[in-house]
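Engineer: Please find one structure pasted underneath; my questions will follow.
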Amino acid sequence: MQANLEKENAALEAVKLVRQDMTVGLGTGSTAEYAIHAIGRMVREGLRIKAVATSARTAALAAQYAIPLMAINEVEMIDLTIDGADEFTANLTLLKGGGGALLKEKIVAVKSRQVVIIADASKYVERLGKFRLPVEVIPDAANYVLRELTGKGAVRMQEGKPFVTDEGHHIIDVDFGLIADPHRIDTQLNNIVGVVEHGLFIGIASRVIMGVGEEVKIFNG
Ligand SMILES: O=C[C@H](O)[C@H](O)[C@H](O)COP(=O)(O)O
């Protein structure tokens, strides 16, 4: 499938940035997994790194390759994080959280010197918002947050029950329409009691590597 080739090519380009003795942030999702497999192979061939995982799923995959993992809180600074995105714009604003891992992804990203996003060509948009914005909430606040979002949000469900994040929270997916001003949405969401974090990453990514056909295209913002 074309998208898978684009994801893998972007991942293989990104892992060229990994150097001996780096602390590396490992993202979550189908695109980030290509990078984790590649880094795992590099570790098997002698690369020495420490890594932090942005989700339990990523930690489990890293463990299969015996990539040494540190707790996020134990690491002062991360040299390089490689992660995916659900959407990105040319100025490197991201929409993330389709896999429900946005909270740890954002913590890892803000502790990182370099955040390299890898994506297939379908993730590039002129304006964010076709993909509904994931908002992580305290379960006891979910109905309050839904009310504050005036019908734009819906609790993410999985097998008939609310989806539960690694931290025990729920996700509300919000349809803001196409987002003209991400800063305004960021402020609005941060002011709702019970919202833990949301999937808009503004001013956080350093670079996007996008696979397009058999090529890769780099966005530096
Ligand atoms: O919570 C999940 C993450 O933000 C993912 O990086 C994002 O959903 C992209 O995932 P994928 O690479 O599978 O499209």
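Backbone N, Cα and C define each Cβ position, glycine as well.
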Engineer: Per TrEMBL, which one of Lys50, Lys123, Lys130 shares the substrate site with Thr28, Gly29, Ser30, Thr31, Asp83, Gly84, Ala85, Asp86, Lys96, Gly97, Gly98, Gly99?
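Structural biologist: The record-listed residue among the candidates is Lys123.
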Engineer: Let me make sure I understand the structure: which of the binding-site residues listed (Lys96, Lys123) has the fewest other Cβ atoms within 10 A of its Cβ?
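Structural biologist: Checked Lys96, Lys123; of these binding-site residues, fewest Cβ neighbours within 10 Å: Lys123.
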Engineer: Can you list, in sequence order, the residues of the same chain other than Thr28, Gly29, Ser30, Thr31, Asp83, Gly84, Ala85, Asp86, Lys96, Gly97, Gly98, Gly99, Lys123 whose CB lies within 8 Å of the CB centroid of the substrate site?
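Structural biologist: Same chain, not in Thr28, Gly29, Ser30, Thr31, Asp83, Gly84, Ala85, Asp86, Lys96, Gly97, Gly98, Gly99, Lys123, Cβ within 8 Å: Gly27, Ala32, Ala101, Glu105.
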Engineer: Would you kindly give the Cα-Cα distance separating Glu105 (active site, proton acceptor) and Lys123 (substrate binding site), rounded to the nearest Å?
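Structural biologist: On Cα coordinates alone, these residues lie 17 Å apart.
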Engineer: Tell me which binding-site residues (Thr28, Gly98, Lys123) have a Cβ under 6 A from ligand 1; sequence order is fine.
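Structural biologist: Going through Thr28, Gly98, Lys123 in sequence order, those close to ligand 1 turn out to be Thr28, Gly98.
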Engineer: Can you tell me the CA-to-CA distance separating Ala85 (substrate binding site) and Glu105 (active site, proton acceptor), as a whole number of Å?
Structural biologist: 10
